[in-house]
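Straight from TrEMBL, the features:
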type	residues	note
BINDING	A:N7, A:E34, A:D145, A:N147, A:D245, A:H246	Mg(2+) binding site
ACT_SITE	A:Y104	active site
SITE	A:N147	site 'Transition state stabilizer'
SITE	A:D216	site 'Important for catalytic activity'
SITE	A:H246	site 'Interaction with DNA substrate'
ACT_SITE	A:H246	active site, proton acceptor
Amino acid sequence: MKLVTWNVNSLKVRLPQVLDWLAAHQPDVLCLQETKLEDVNFPAAAISAAGYQTVFSGQKTYNGVAILSKTSASEIITAIPGYADVQKRVLAATIAGVRVINLYIPNGQSVDSDKYQYKLGWLEALTAWLTDELACHPRLAVLGDFNIAPDDRDVHDPKAWEGQVLFSLPEREAFQRLVDSGLTDSFRLFEQPEKIYSWWDYRMNAFRRNMGLRIDHILLSGELARTCKSCIIDKEARKAERPSDHAPVMVEF
DNA sequence: ATGGCGTACAGAGTACGA
């Protein structure tokens, strides 16, 4: 089974690239973040024509998540239960016996902002919920844009990023607590080349200079981690004309 | 130097991302 996460930064703009990517890679499941579309405008017909079913939870301008899959999705949840949030950042579904949890975790903006506190509170609620989900679904994958680089290796310049949002200690500790609830960072199951990232700023020629961060992740329950064969970041997608600033991350198990 | 670029909404300039 091939499972993918990709922050597309507007599905309206990136739809042709998403369709091309589906045709080229034929994943079983593709989780999207930052669709930036109200549900009424979701391009379900075009995606259906490409052979994929869709579930989605979006809003105007910001956020928005979707799951594209070859087989049908059930047990759909669009929010962390009991956590009130008007921002559409969560979509969970069961597909082919795998519990898929697609997340667009808050960015946090800067460590002294209200948005940073919202991010930390959100992560706490998420971890409590995922502990329950793991108990119900031994075959579980949590994937998405986490907006956290967990380790020095995941940052092009850890000294410069120290204490900054996306790499601050409280965020990394929250990520670790999430992992400690019973999940494995699939990327680190395998020997990986150095300086592999999933996001590069549009500015400052960051991509050309490989000034990136690894902030998009696929975390697997023990049962899925044991049979995981690979975790790859498709840097090629970031080279496209008018690319998303994120690259797709793909696991196979 | 708090910029740089890209997207959305709007119809110019601001908010936001990461």
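Backbone N, Cα and C atoms are what each Cβ position is placed from, and that goes for glycine too.
Of all the Cβ atoms in the protein chains shown, 25 others lie within 10 Å of the Cβ of A:Y104 (active site). Ranked by Cβ neighbours within 10 A across all protein chains shown, the recorded positions A:D145, A:D216, A:D245 are led by A:D145. A:Y104 (active site) is 15 Å away from A:D245 (Mg(2+) binding site) when you measure Cα to Cα. Annotation for A:H246 (Mg(2+) binding site): same-chain Cβ neighbours under 8 Å, separated by at least 6 residues, are A:W6, A:N7, A:V8, A:N9, A:D145, A:S198, A:W199, A:D216, A:R238. Each residue in A:N9, A:Q33, A:Y104, A:W199, A:I215, A:D216, A:S244 lies on the same chain as A:N7, A:E34, A:D145, A:N147, A:D245, A:H246 and has a C-beta within 8 Å of the C-beta centroid of that Mg(2+) site, without being one of the site residues. Here the C-alpha separation of A:N147 (Mg(2+) binding site) and A:Y104 (active site) works out to 8 Å. Rounded to the nearest whole angstrom, the C-alpha distance between A:Y104 (active site) and A:E34 (Mg(2+) binding site) is 7. Long-range neighbours of A:E34 (Mg(2+) binding site) (same chain, six or more residues apart, CB within less than 8 Å of its CB): A:N7, A:V8, A:N9, A:S10, A:Y62, A:N63, A:G64, A:Y104, A:D145.
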